[in-house]
There are 2 protein chains.
Amino acid sequence: MSEESAPGPKESPLAARQAGSREVWKKGGRLLSVLLAVNVLLLACTLISGGAFNKVAVYDTDVFALLTTMMLLASLWILFYLLRTVRCPDAVPYRDAHAGPVWLRGGLVLFGICTLVMDVFKTGYYSSFFECQSAIKILHPLTQAVFVVVQTYFLWVSSKDCIHVHLDLTRCGLMFTLTTNLAIWMAAVVDESVHQTHSYDSSHSNASHLHLAPDRESGSSVGGDCSCNTAICQIFQQGYFYLYPFNIEYSLFASTMLYVMWKNVGRLLASSTHSHGHTPSRVSLFRETLFGGPILGLMLFVVGLAVFIIYEVQVSGEGGRTQQALVIYYSFNIICLGLMTLVSLSGSVIYRFDRRAMDHHKNPTRTLDVALLMGAALGQYVISYYSIVAVVVGTPRDLLGVLNLAHALLMIAQHTFQNVFIIESLHRGPPGAEPHDTTPKEPCHGLTFANVDALHTLPACPPTPRVVGTNPVGPQEAMAIILAPRGHWRRRCLKDISLFLLLCNVILWIMPAFGARPHFSNTVEVDFYGYSLWAAIVNICLPFGIFYRMHAVSSLLEVYVLS
Amino acid sequence: MSEESAPGPKESPLAARQAGSREVWKKGGRLLSVLLAVNVLLLACTLISGGAFNKVAVYDTDVFALLTTMMLLASLWILFYLLRTVRCPDAVPYRDAHAGPVWLRGGLVLFGICTLVMDVFKTGYYSSFFECQSAIKILHPLTQAVFVVVQTYFLWVSSKDCIHVHLDLTRCGLMFTLTTNLAIWMAAVVDESVHQTHSYDSSHSNASHLHLAPDRESGSSVGGDCSCNTAICQIFQQGYFYLYPFNIEYSLFASTMLYVMWKNVGRLLASSTHSHGHTPSRVSLFRETLFGGPILGLMLFVVGLAVFIIYEVQVSGEGGRTQQALVIYYSFNIICLGLMTLVSLSGSVIYRFDRRAMDHHKNPTRTLDVALLMGAALGQYVISYYSIVAVVVGTPRDLLGVLNLAHALLMIAQHTFQNVFIIESLHRGPPGAEPHDTTPKEPCHGLTFANVDALHTLPACPPTPRVVGTNPVGPQEAMAIILAPRGHWRRRCLKDISLFLLLCNVILWIMPAFGARPHFSNTVEVDFYGYSLWAAIVNICLPFGIFYRMHAVSSLLEVYVLS
């Protein structure tokens, strides 16, 4: 809820005057929808967290019923919105060019398809013992499938809208849909954590620790006396647990797009043709790298996959080889994180010699990207700091402890420097826009005049129109090459760096997303904090860490295209 | 980290141009200091939370050592800052009139004095068994006393500064000091929770629940074999636990002021005389109410004090009367919250007939106030939603269950409507500034021109200077009375409402701050969630609820003065 009453440089003054009477106080409308969202979200959060604890008398049917209701209501609102905007084209006078870029929408569709497959598996799983199951458990994945289809279509066509009718209703509807996605995300994270804990429980069945929800899986989740014994049922169950990460990502992608739409409700833009030349040149997309980055990244990716498979085989096999698996896993991670830290740092160093102007334009999508990168990194920060304290304060210091410490420290360094690099990259202007070109342009076109007389005291504004117009590819490219020949190797370096980081983030995403949990194989933290506390920390924070990798990949793709 | 590149209406364009070369990218400097703060805060958080768990081998001496080091470093930085600004008067070219209002600074001094008393008690307590204690436990309160004195002086003289030298260093210093305050706050909250749990433990010693940290108080906190047996030592111990709420508030007040200073680093203001007429008229401060609100509020305050004392006596006395105490406590709270909800609602209704313009000016202090009100209310929301689920899903429904449910529902309604009322009040312009007076003024003086030519297409701006200038009291007051005679009873009503809400918030602050815990006396939630989960929820969320009351009081005072 930041103060944004001063319209940004892209907002149109005439439109602002006309709209002045229509909405007296923007924050009031926002406040209303945020209050609705907070209350619905807290109710969902209470039920979901209550349902996760085995001793608490909240059943997962309650949670399913709530989620199904929310998804139905959200779908109805979306259909209402689509009908209204189709029948009244004046409702959306402006479109935000930064919102819903094509890779975000593409990712949404991809994850949406995976979620649909997961819903099929879930329906199949629960249908296997239909007799002793409440109907809501089969209704829930079916409703989710409908919701995913409706919402994906809605976000594909409407994510750039700046709507100007029924402002309060639209804000509330968007916030409610956002809340629904967050509730689905929470439910998925909780379900996955319970599954993880159950796996740990069955593999360490002689341990007498306290568990978060040890027999929910075999008890209430399956519902009564039935169990999953047939082969097809087992496949369905395995399958839908492997597809959870995609469902989690789908919900988060949809949430970010809905948030940007919510910020854009009632927003006034000067004209929809001002796209700042951020559209990439399709021709040069894949021929401007030095090939060093992608090749090194691909090598690390392949080695990482091998390490991951070895780790999984050795840890899940019978005992004695966990130690060896952990040494291999940590060694690979330390090398990978160390390289990524160095590469991010060199990227920041290159920016010190870069003369491109900073892009100061208002851009809710970018603001959200930055906030998400910083916020999601907190998850891995927390895990790392708890690891560091456990290793440093704990008494036994062996090879594994040293590796763990190095891993945690490098994890912090890597997240920090990668965030600095990505955030700095996202704030650079388009390539070729050297500061001597843009600096006098910005204060003239994008300035606020507290006093109208002050205008005449300013130096004359250059009357040149923006080169970065509707056709940004040709002249921009040419200018960049002619004016700044040295800039070209910097651009290539930056593209290499972003591709390398992208590939590394993918492999570091695959490992935790598909079940590597050195946090529990390694006994240092479990012994130091006790199982229940450490499981709570890891299960709450790791999903954020996984989301961070995913989000870093999409941001690095943007950096690659823009640099 | 919101996008604020578009300078607000109060920023000076010429100054912005001059400063353009000095700081290329404001967000970069902010990013650096936020990263520092996040890392230090997470380290402190890890150690403090680790120290709170009895089984974990982090001792409270480690925590004290960390806090002492942080306070010493922060004090040194503050002294460096003060020296620098004294020796170089050009360092602070602008002062933000909204930052550090006098009641915030007054509250800071008040809580600072209470914290000093607490430090004396703590030093006395630990000195009672000096022999078997590590030196850091006595060093810690002494360092804290020095830190409180230095910081209170610093915030008193510098809280309005918009500093323009050593931007990055100042940001990092401010963020480090802020982090220190948050760490002190976390340590105090954890210590108080452990104390509460210990009290519960000793009063329910036959219960066999799992406790958060059951014998820390008698064990590690006192350190070894010594115990607190002498009368003076007991007094010291009791005393410093009762003074914790003030220390918690001191840290939070200081944090908010430091945050506003951090936001103001490098900020450019048009001129320091533009104070928007928000200075209250001292003459009319106490003669513009209908006296209904304060009288009803005082009555509720006195009754509330009596209820609180009866509750404490009956609950701490020997058994059987807890039920009766809870019925009295809940009944009073339901009446009080119901009245507050109705009064807040009627305040919002009055605003629907109010023709004063909304104040759209950029104001970091107000933005932070709004964020804190909304954020701190989450604590009470969470507790209420967990209570509602426990009562609705749980089977036994007696009188106490119904009272508990009504209490939780009214708590949510009261927080929501009070927040809406306060936030709307804070965004109103000064009294007498009717919209027909200000609406044409705002778009002309505070507008962004994306295209300079558009200026000539606008209707002529009225060349009248701002009435709300250096001497806002006289003409403003007169105009309000002459132009809007009906506005006067509205103002009186609003003043009454804010005073009534203020007194109610004070009594609702006193009850939990001084130890009323119906959450544990009442067995509904404890039985439903189990002691450890419910204690974790209450101990994490209740400090936010207490802070909310405190913050609402200061905001309502501002509303009273402004309306």
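Residue numbering: from 1, along the chain as shown.
Every residue, even glycine, has its Cβ placed from backbone N, Cα and C.
Among the features that TrEMBL reports, transmembrane segment is placed at A:31-51 (among others). Panel annotation: around the transmembrane segment (A:31-51), residues 1, 58-60, 62-63, 66-67, 70, 168, 171-172, 174-176, 178-179, 182-183, 186-187, 190, 262 of the same chain, lying at least six beyond its termini, place a Cβ under 8 Å from a Cβ of the stretch.
What TrEMBL lists as transmembrane segment is A:63-82 (among others).
Annotation source TrEMBL lists transmembrane segment at A:102-118 (among others).
Proximity of distant same-chain residues to the transmembrane segment (A:138-157), defined by a Cβ-Cβ separation under 8 Å and at least 6 residues beyond the stretch ends, is recorded for 64, 67-68, 71-72, 74-75, 78-79, 81-82, 100, 105, 108-109, 112, 115-116, 118-120, 122-123, 126-127, 130, 177, 180-181, 184, 250, 254, 257-258. Residues or ranges marked as transmembrane segment in TrEMBL: A:138-157 (among others).
Residues or ranges marked as transmembrane segment in TrEMBL: A:250-270 (among others).
Taken from TrEMBL, the feature transmembrane segment applies to A:290-311 (among others).
What TrEMBL records for A:327-351 (among others) is transmembrane segment. Remote same-chain residues near the transmembrane segment (A:327-351) are listed as 293, 296, 300, 303-304, 307, 310-311, 399-400, 403-404, 406-407, 410-411, 413-414, 417-418, 420-421, 424-425, 428, 490, 493-494, 497-498, 500-501, 504, 507-508, 516, 518 (criterion: CB distance under 8 Å, separation of at least six residues from the stretch ends).
TrEMBL lists A:371-393 (among others) with the feature transmembrane segment.
Annotation comment: TrEMBL describes A:497-516 (among others) as transmembrane segment.
The annotation transmembrane segment is assigned in TrEMBL to A:528-548 (among others).
Contact counts against the transmembrane segment (A:497-516), taken as Cβ pairs under 8 Å, peak for A:290-311 among the stretches A:63-82, A:102-118, A:290-311, A:528-548. Tertiary neighbourhood of the transmembrane segment (A:290-311): same-chain residues 325-326, 328-329, 332, 336, 339, 343, 492-493, 495-504, 506-508, 510-511, 514, 516, 518, selected by CB-CB distance under 8 Å and a gap of 6+ residues from either end.
Nonlocal intrachain contacts for the transmembrane segment (A:63-82), taken as residues 6+ away from its ends with a CB within less than 8 angstroms of a stretch CB, comprise 40, 43-44, 47-48, 51, 136-137, 139-140, 143-144, 146-147, 150-151, 153-154, 157-158, 170, 173, 176-177, 179-180, 183-184, 187.
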